[in-house]
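Student: Take a look at this one; I'll ask things after.
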Amino acid sequence: MAAQASEDLQKLDLNGQGGAAKADAPTAGQAEAGEAEDDSDDDADEGNAAPEGGANGAAKKKKKRKSKKKKKGGAKVQSEPPRVPLSQLFAGKQYPEGEIVEYKDDNLYRTTNEEKRYLDRMNNDFLQEYRQGAEVHRQVRQYAQKTIKPGQTLTEIAEGIEESVRALTGHQGLEEGDNLKGGMGFPCGLSINHCAAHYTPNAGNKMVLQQGDVMKVDFGAHINGRIVDSAFTVAFDPVYDPLLEAVKDATNTGIREAGIDVRMSDIGAAIQEAMESYEVELNGTMHPVKCIRNLNGHNIDQHVIHGGKSVPIVKGGDQTKMEEGEVFAIETFGSTGKGYVREDMETSHYALVPNASPVPLRLSSAKNLLNVINKNFGTLPFCRRYLDRLGQDKYLLGLNNLVSSGIVQDYPPLCDIKGSYTAQYEHTIVLRPNVKEVISRGDDY
């Protein structure tokens, strides 16, 4: 999910349990194929019956008919919009790996170390779940990048992305527990211009995407709670290209620097150096691109989008190290404003607090809503539209009561100063024992 704000904005840490192959999205040829074969044609045999016997009047021989071969299903490819479940596209449910990056320096030995390679093979189920989620994300976002246009409502864009994710994972999330098996890892964020993160339309929202907007598209897909968190930025005016390029470069720098035993502070310093080497000209004025210093990347635990570790995007962060087996969302945010965000606008994102202390609830609406959240989302983030989709109504009083009781955490939109523009790029990486895998990498970014 978008960013994990640092101490002054993050009310509490959520602690939980915890590729396109080689950067290319798979082609239709990689999908499970079954060549279509035409039915056997017996016309050639029509005149082949033997003539009647001579003087002996032998009986006419019967024509031998060839048995018809059954047609095999044609090669399956993804539809537009994406609606074909991934399980139907990949033989044996083996999904493309992400970008594989060998460790460097003191960790170089891990690439060939037999023990580390053995440990890596032990993680196959874990990796296949992540790779499936990543392939869902790639196929959905690549269609979205082609079709998002000015004039669309944010609701139309968000629901289109979310419907595709649910279809490709094979989990519509309308039955109790189904969304916990797969589907949306968190709501589709569509944060525009000075708003950097955590904005998705609530019911009745009429906001329309404009030609001059800069929109961050941040959504997650999960399989069995293995959340793939990846984001990109859409802008139609090339004047914003340097801003987008700065943030993309910073994110790739963070990915390059990340690794086992690497300190978070070192990653943040490298990200800031890359980001702030850019500037963008708007209306004749040069603006330095600034890191949004109180937004961070984060580790991801099963069913928990924000784990206990943060990845800063500026220098001076803590000395915590990344560890073997961890999963991180490396995300960076750049701004033409102050480079600092505050809570603003109407809240749409929420999540159950893992291991929250029991609190007696007096409102029956709060009790009923908590039951719905537990059965349908667990600790996965959700938004008001998701409650509407489940048929819930008149739930705001109960929802606010759960927030004030510390059972549910709200995530208001995070915004820089009005008139500024912000951009975001993000990938999920897995620190495997022998290599680093950029699980969500595609040929788009």
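Glycine residues also receive a Cβ, built from the backbone N, Cα and C atoms like all the rest.
Pasting the relevant annotations from Swiss-Prot:
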{"type": "REGION", "residues": "1-86", "note": "region 'Disordered'"}
{"type": "COMPBIAS", "residues": "34-46", "note": "compositional bias 'Acidic residues'"}
{"type": "COMPBIAS", "residues": "59-74", "note": "compositional bias 'Basic residues'"}
{"type": "BINDING", "residues": "His198, His306", "note": "substrate binding site"}
{"type": "BINDING", "residues": "Asp218, Asp229, Glu426", "note": "divalent metal cation 1 binding site"}
{"type": "BINDING", "residues": "Asp229, His298, Glu331, Glu426", "note": "divalent metal cation 2 binding site"}
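Tell me about the surroundings of these features in the structure.
Tutor: All protein chains included, His306 (substrate binding site) registers 31 other Cβ atoms within 10 Å of its own Cβ.
The DSSP secondary structure for Asp229 (divalent metal cation 1 binding site) is strand. For Asp229 (divalent metal cation 1 binding site), the same-chain residues lying six or more positions away in sequence with a CB closer than 8 A to its CB are Met1, Gly185, Phe186, Asp218, Gly220, Ile300, Ile305, Ala329, Glu331, Glu426, Thr428, Ser440.
With a 10 A radius on its CB, His298 (divalent metal cation 2 binding site) counts 26 other CB atoms from all the protein chains.
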Student: Round to the nearest Å and give the CA-to-CA distance linking His198 (substrate binding site) with His298 (divalent metal cation 2 binding site).
Tutor: 15
Student: Go through Glu331, Glu426, the listed binding-site residues, and name the one with the sparsest Cβ surroundings, counting other Cβ atoms within 10 Å.
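Tutor: Sparsest of the binding-site residues Glu331, Glu426 by Cβ contacts within 10 Å: Glu426.
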